[in-house]
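Features reported for this protein in Swiss-Prot:
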BINDING   ASP28, GLU30, ASP292, ASP382  divalent metal cation binding site
MOD_RES   SER163  phosphoserine
MOD_RES   SER167  phosphoserine
DOMAIN    178-245  domain 'R3H'
MOD_RES   LYS220  N6-acetyllysine
SITE      LYS326  site 'Interaction with poly(A)'
MOD_RES   LYS499  N6-acetyllysine
MOD_RES   SER530  phosphoserine
MOD_RES   SER557  phosphoserine
MOD_RES   SER583  phosphoserine
MOD_RES   SER587  phosphoserine
MOD_RES   SER619  phosphoserine
MOD_RES   SER623  phosphoserine
MOD_RES   SER628  phosphoserine
MOD_RES   THR631  phosphothreonine
Amino acid sequence: MEIIRSNFKCNLHKVYQAIEEADFFAIDGEFSGISDGPSVSALTNGFDTPEERYQKLKKHSMDFLLFQFGLCTFKYDYTDSKYITKSFNFYVFPKPFNRSPPDVKFVCQSSSIDFLASQGFDFNKVFRNGIPYLNQEEERQLREQYDEKRSQANGAGALSYVSPNTSKCPVTIPEDQKKFIDQVVEKIEDLLQSEENKNLDLEPCTGFQRKLIYQTLSWKYPKGIHVETLETEKKERYIVISKVDEEERKRREQQKHAKEQEELNDAVGFSRVIHAIANSGKLVIGHNMLLDVMHTVHQFYCPLPADLSEFKEMTTCVFPRLLDTKLMASTQPFKDIINNTSLAELEKRLKETPFSPPKVESAEGFPSYDTASEQLHEAGYDAYITGLCFISMANYLGSFLSPPKIHVSARSKLIEPFFNKLFLMRVMDIPYLNLEGPDLQPKRDHVLHVTFPKEWKTSDLYQLFSAFGNIQISWIDDTSAFVSLSQPEQVKIAVNTSKYAESYRIQTYAEYVGRKQEEKQIKRKWTEDSWKEADSKRLNPQCIPYALQNHYYRNNSFTAPSTVGKRNLSPSQEEAGLEDGVSGEISDTELEQTDSCAEPLSEGRKKAKKLKRMKKELSPAVSISKNSPATLFEVPDTW
């Protein structure tokens, strides 16, 4: 079902009903772009840590707009052993509300827009008919503005507004506005004396003049009239004054208040759908869904927090249960029988043995999708086939039980190992971001960090490390990359061999991480200095500590290419006999648990968060024997 601004309100109850009835949901988003700076390959480096990947996406992807949101609800019919689906395709756009903030600024990426256009995407449905939305802070501010306007209109008679120059008006009226206000009062007196006229339309005026009119009339005519602001076709605002008795005045005030509340709800718009999904606490399915989740939280709840641990806490408060089908398909027992985990190819593979396509049917009044037509990159369709993929894989897990189970529900313990783990694209040794605990910390003692001239290509790096057999290269930027060797003991040899190189520099991954942490500490210490000290240092550059200057230039420069050129890193006999590097295990550290999301979340989400923690404390730990088939479905701690 296609939902735009014009039919959103009349179909909202259908959306709520579908969410309430569903066993689980599948979601998908389409964006105005992916990266505003680095290329996608640089944005997704193969040796990113989860924190680094989060920071990259937060910095380079959140200024784009999620402008199409697909939602497909799935409800299992036990009588006919089939799923009933309801698909929704929402077009979303941050339309400015009633001249009030926020006036959202966003960016577009030409390649993304061109791609969507080639897929038949209708951008008019976004920019002309998109459903508005507000995050929770924007909604709070807008409601406060309305309350303030009402208090100004209804409470102008307070003594604090009495002018020392007049005993007739409790408002201080500027000299240049007194004539204007006197003319308005005179017109109202004529209206009250007239037996024929019931209404008076004033000329369009400024917001400040309207405020003076409201305050003056509220004090001078506490009864007998009703004052309302309307708007012309040209978007000019004017005031209408009507003669009414007290009962009619109260009725109109109540009517006006109800209209304002309705306008506020309209401004909140699509965010109400996200709130309903979140408050349901049900399982939300996505495919490669990290970016979808980040945009959803950022756009419809609150800006993303500064660090990953806070993001994890916030996300699990909003969506208690998430499942990523790309991670699921990349994990045993699926990994060995699914070669391609892209959504389109995964959907095709799961129709073949040993899998069985699920039996599904669209609910009455909802259009059905034909997977043969492949309406890819329509968010509603992508959400639909994401749900189908989940059902097929979940049911396949049921075949390992004794006796086999044909239908595995969204509440089954078989799929719990996949909860709240989001697939990390193109990371070689950390397959997922763990929202409910510490992330994996793989040993990277076989990885080197290499800096080199910007003229170098991938072939130059392969030539440099040709003596070390198979290598993997992950570019960081134009002048640096990670190089993964096949054997950890080769790292020491490569570093020692390159000590006197002029055009490139090699360090171990541990050294690279250590220096980055040192730079962060220096930067943090610098920012914590007083403004006075910082200003004095700006005035006198010689005051900058020598150690800081030396550290910066030592870590951020290398000799330009010389006539010596590149050389092959062939190890000598002496270097080959050097002792191996230390291969100690990196211990896992517990992530800090914060309440950073408590304030921007609703009371319902706070309660859900509390119940989830209680459940963790009260639920007995379930131990599964290593010989049990269930161990096949554990998301591994190592990759």
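Heads up, residue numbers simply count up from 1 along the chain you see.
Cβ coordinates come from backbone N, Cα and C, glycine included.
Features recorded in Swiss-Prot, as mapped to the structure shown.
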residue : record                             : Cβ neighbours (10 Å)
ASP28   : divalent metal cation binding site : 28
GLU30   : divalent metal cation binding site : 24
LYS220  : N6-acetyllysine                    : 18
ASP292  : divalent metal cation binding site : 25
LYS326  : site 'Interaction with poly(A)'    : 24
ASP382  : divalent metal cation binding site : 26
LYS499  : N6-acetyllysine                    : 8
Rounded inter-Cα distance in Å - LYS220 (N6-acetyllysine), GLU30 (divalent metal cation binding site): 55
Cα-Cα distance linking LYS326 (site 'Interaction with poly(A)') and ASP382 (divalent metal cation binding site), given in Å to the nearest integer: 13
Helix, strand and coil totals (DSSP H, G, I; E, B; other) for the domain 'R3H' (178-245): 30 helix, 17 strand, 21 coil
Distance [Cα-Cα, Å, rounded] between ASP28 (divalent metal cation binding site) and LYS326 (site 'Interaction with poly(A)'): 13
ASP28, GLU30, ASP292, ASP382 excluded, remaining Cβ within 8 Å of their centroid (divalent metal cation): ILE27, GLY29, GLN68, PHE69, GLY70, GLY286, HIS287, ALA379, ALA383
Average pLDDT across the domain 'R3H' (178-245), rounded to a whole number: 87
Where ASP382 (divalent metal cation binding site) sits in the secondary structure, as DSSP reduces it to three classes: helix
Rounded Cα separation (Å) that holds between ASP292 (divalent metal cation binding site) and LYS326 (site 'Interaction with poly(A)'): 13
Euclidean distance between Cα atoms of LYS499 (N6-acetyllysine) and LYS326 (site 'Interaction with poly(A)'), Å: 42
Distance from LYS499 (N6-acetyllysine) back to GLU30 (divalent metal cation binding site), taken between C-alpha atoms, in Å: 48
